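A quick write-up on the structure given underneath.
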Amino acid sequence: MHKDHPDIGPKPGKPFRVQHVQQYFTAGRPLTMLTAYDAITARIIDSAEIDMILVGDSYGTTMLGMSSTVGVTLDDMVRATAAVAAGASRALVVADMPFGTYESSPAQAVDTAVALVRAGAAAVKLEGGRRILPQVKAIVNAGINVMGHLGFTPQSENHLGGKRLQGRADAAPELIADALALQDAGAFSIVFEMVPAATTRAAVNQLNIPIIGIGAGPDAAGQVLVWTDMAGMQDWKPSFAQVFGQVGAELKHAAQNYRDAVVNRTFPAPENYHEN
């Protein structure tokens, strides 16, 4: 239940589900989504009433120090998904299907999706358009919710020639055709990443499911950001991100305070230990 739209969304204490995504979209209420990779962060984001939490394969680049998402394994994603599901009681948990775990066949894709759902995901996300329709259809037919991902798809960064805007000008009809195909295959929503606002706007006018944008302009039905970008955890951020809090600076400050307290022997204080 949303305060501005009392007839939509989950009732107090109940989880946000896929049907609520469509309800918000139909009512014109923007959808919110952030990534998380562990239980503590998921619990904090969940308490902020973010609608969806994405257990992204960005786990590899943000938490594991990888240079790209290609090295993330299914075991990595299962472990992170289980942690996020343990921390989030309200938000819809969506888990990325990592590179190499769905491309070979629909059967492989279903096995991967099942593993992520068993770990606690309410939906899975995979990258690509018409080339992966058999996989999308198979997952949907297995009773699992699917979110698509078009535009810049990080798992295909090498094929795309690096991080660059996708769906410009002459390429826009192809991207929109992919979106329509994913919709017809049963996807409940689609992430548009690094797509021109004009292309997103054109797609919005043709689709009956919500587009979740990341660097895709203001007309998407919702927005998603990597939580470390949103919270200012590092000096660099993508041009499409905005810093909404200086959590990185606060963490550094806390660590410095701790260091000083230990060096100056003011920690532990008497209230932090038992003499006998």
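Placed from the backbone N, Cα and C atoms, the Cβ positions cover glycine too.
Note that TrEMBL annotation is computational and uncurated.
Per TrEMBL, the features are as follows:
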{"type": "BINDING", "residues": "Asp57, Ser58, Asp96, Lys125", "note": "3-methyl-2-oxobutanoate binding site"}
{"type": "BINDING", "residues": "Asp57, Asp96, Glu127", "note": "Mg(2+) binding site"}
{"type": "ACT_SITE", "residues": "Glu193", "note": "active site, proton acceptor"}
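Known features from TrEMBL, placed on the structure.
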residue	record	Cβ neighbours (10 Å)
Asp57	3-methyl-2-oxobutanoate binding site	30
Ser58	3-methyl-2-oxobutanoate binding site	22
Asp96	3-methyl-2-oxobutanoate binding site	29
Lys125	3-methyl-2-oxobutanoate binding site	24
Glu127	Mg(2+) binding site	24
Glu193	active site, proton acceptor	22
**Q.** From Asp57, Ser58, Asp96: binding-site residues whose CA lies within 10 A of Glu127 (Mg(2+) binding site)
**A.** Asp96
Q.
Please report the distance from the Cα of Asp96 (3-methyl-2-oxobutanoate binding site) to the Cα of Glu193 (active site, proton acceptor), rounded to the nearest angstrom.
A. 14
Q. Just the number: how many Å between the Cα atoms of Ser58 (3-methyl-2-oxobutanoate binding site) and the residue listed as 'active site, proton acceptor'?
A. 13
Q. In terms of DSSP three-state secondary structure, what is the assignment for Ser58 (3-methyl-2-oxobutanoate binding site)?
A. coil
Q: Give the distance between the Cα atoms of Asp57 (3-methyl-2-oxobutanoate binding site) and Glu193 (active site, proton acceptor), rounded to the nearest whole Å.
A: 14
Q.
I need the CA-to-CA distance for Lys125 (3-methyl-2-oxobutanoate binding site) versus the residue listed as 'active site, proton acceptor', whole Å please.
A. 13
**Q.** Conformational class of Glu127 (Mg(2+) binding site) under the three-state DSSP mapping
**A.** coil
Q) Taking Asp57, Ser58, Asp96, Lys125 as the record's 3-methyl-2-oxobutanoate-binding set, what's the max Cα pairwise distance in Å, rounded to a whole number? A) 13
